[in-house]
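Annotated topological domain 'Mitochondrial matrix' per Swiss-Prot: 1-11, 87-94, 171-182, 328-335, 401-406, 479-515 (among others), in sequence order, evidence recorded as similarity to another entry. What Swiss-Prot records for 12-40, 51-86, 95-117, 141-170, 183-212, 228-261, 270-286, 299-327, 336-357, 371-400, 407-433, 447-478 is transmembrane segment. If you look up Swiss-Prot, you'll see GLU40, GLY45, SER441 marked as Na(+) binding site. Residues or ranges marked as topological domain 'Mitochondrial intermembrane' in Swiss-Prot (evidence: similarity to another entry): 41-50, 118-140, 213-227, 287-298, 358-370, 434-446. The feature Fe(II)-heme a binding site is assigned by Swiss-Prot to HIS61, HIS378. For HIS240, HIS290, HIS291, the entry in Swiss-Prot reads Cu cation binding site, with the evidence type similarity to another entry. Residues annotated as O2 binding site in Swiss-Prot, with similarity to another entry given as evidence: TYR244. As annotated by Swiss-Prot, Mg(2+) binding site applies to HIS368, ASP369, with the evidence given as similarity to another entry. Swiss-Prot lists HIS376 with the feature heme a3 binding site.
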Amino acid sequence: MMITRWLFSTNHKDIGTLYMIFGAWAGMVGTALSLLIRAELSQPGALLGDDQIYNVVVTAHAFVMIFFMVMPIMIGGFGNWLIPLMIGAPDMAFPRMNNMSFWLLPPSLLLLLASSGVEAGAGTGWTVYPPLAGNLAHAGASVDLTIFSLHLAGVSSILGAINFITTVINMKPPTMTQYQTPLFIWSVLVTAVLLLLSLPVLAAGITMLLTDRNLNTTFFDPAGGGDPILYQHLFWFFGHPEVYILILPGFGMISHIVAYYSGKKEPFGYMGMVWAMMAIGLLGFIVWAHHMFTVGMDVDTRAYFTSATMIIAIPTGVKVFSWLATLHGGVTKWDTPLLWALGFIFLFTVGGLTGIVLANSSLDIILHDTYYVVAHFHYVLSMGAVFAIMGGLVHWFPLMTGYTLHNTWTKIHFGVMFTGVNLTFFPQHFLGLAGMPRRYSDYPDAYTLWNTVSSIGSLISLIAVIMFMFILWEAFSAKREVLIVEMTTTNVEWLHGCPPPHHTYEEPAFVQAPR
């Protein structure tokens, strides 16, 4: 029974739960790695060993957090759980492929962890640039194992993307148009399209790197007529859409949370929200070289990428102000998910503003590869994506389990987490402006103060993670059952009770055609 249910599952709710649990474990691994980084940097001098070990930890931290924490939880966990419920589908379009998408991830994580354990590990950074990632600077199997790990995670995401696109377009009730689906559906649809278009390019790039390393090809080796800059273009053509893949489902979740706790039946400016997400998805593909301002591109090329990058701020602003407009004039229910959503809106906006700064190619020459960049993307990831995940978890936990989290504990947890991440990442702006470079395990004494502050912040975040584990245990232990859910007519995922039965919508939902 256990084996057929959890290993061979074709049920979207069970697979979503598997994704959630996997993401939680990977999140703890990624958090542990981040604490190793902050411990090393808490004061000048060496702690763990040389820079190779340090960079292996940094690389593993990035890969684990991106591919095994944020994406599995947001897309695999929330996507699987909510999308069929929100559109009235009995399950995903391809339930067995859905199962394979999940089970490709544990071996992928295993390969990634193995890459750290053999030879000297892959100390390349998550970008895996040659020639550092070539077979001279990284002899041995480490980088090859990392590449295979990425291949598996990539195949998993591509299959998942196909599944989500098919489900969202094809499994709605016949009278329901795409413009009647909730915003979370749209966010995952756009995300899936981005995955489908960007991952094959990454696969091509890392496959060429694999053959450069093992089969004597010279795609990225000038000695044989290749060009390492080609790899950068291929990687970032995937890498930039990837960061939007990480945040877009969060946008969808935040829209639902803000509308729900404002007591509104719908978010402000539904169509604007939809088009903003589609615009972000499109623009995300034509700005990739802003990661490469320092490699010597023509001035007109740099001018274009600066301008195009800044244009993304417009649809993003549409979303931020629509969230604020949704809050306006509502009957605000100050529950924990709303706190996460408000934290998201504020901190994501701060991260977006530093992004505008970095979009200026001339400024980026100075700030590239400094802690200013680290601060920027951790504001949008560690306080954007993670806050969205936390808000979504606290909001939908009763739906997924049938139990309620402790109201006071979750609020305290939010406060601790908010303090921790801000104390960790805000000082890094100062370090970057003062010229401290990324990816070094040691630094001049002048940078000591803010690094120490940052590392103390990371310990506060650790306390928050441990608190959250306790909060989950407490909920399953106390077993407070859900009494009533408000506004189910505009939040249809709650219609079947908490938790919903194993199979929902076994006969098609009736949707009144618009007059």
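Every residue gets a Cβ built from N, Cα and C, even glycine.
These figures come from a predicted structure and were not determined experimentally.
When Cβ-Cβ distances below 8 Å are used as the criterion, the transmembrane segment (12-40) is approached by residues 5-6, 46-48, 54, 57-58, 60-61, 64-65, 68-70, 72-73, 76-81, 83-84, 91-92, 95, 98-99, 102, 105-106, 109, 400, 424, 441, 454-455, 458-459, 461-462, 465, 499-500, 502 of the same chain, each at least six residues removed from its ends.
When Cβ-Cβ distances below 8 Å are used as the criterion, the transmembrane segment (299-327) is approached by residues 251, 254-255, 258-259, 262, 264, 267-269, 272-273, 275-277, 279-280, 283-284, 286-287, 289-290, 293, 341, 345, 348-349, 352, 355-356, 359-361 of the same chain, each at least six residues removed from its ends. Beyond the topological domain 'Mitochondrial matrix' (1-11), the same-chain residues lying 6 or more positions past its ends with a Cβ under 8 Å from any Cβ of the stretch are 18, 91, 95-96, 98-99, 502-503. ASP369 (Mg(2+) binding site) sits 10 Å from HIS291 (Cu cation binding site), counting Cα to Cα. Residue counts of the topological domain 'Mitochondrial matrix' (479-515) by helix, strand and coil are 3 helix, 1 strand, 33 coil (DSSP-based). Highlighted: of the candidate stretches 95-117, 141-170, 228-261, 371-400, 447-478, 371-400 has the greatest count of Cβ pairs under 8 Å to the transmembrane segment (336-357). Residue counts for the topological domain 'Mitochondrial intermembrane' (434-446) under DSSP, helix first, then strand, then coil, are 2 helix, 1 strand, 10 coil. Between the candidate binding-site residues, GLU40, ASP369, the densest Cβ environment within 10 Å is the one around GLU40. The Cu cation site is set by HIS240, HIS290, HIS291; from the centre of their CB atoms, other residues of the chain with a CB within 8 Å are TRP236, GLY239, VAL287, TRP288, ALA289, MET292, PHE305, THR309.
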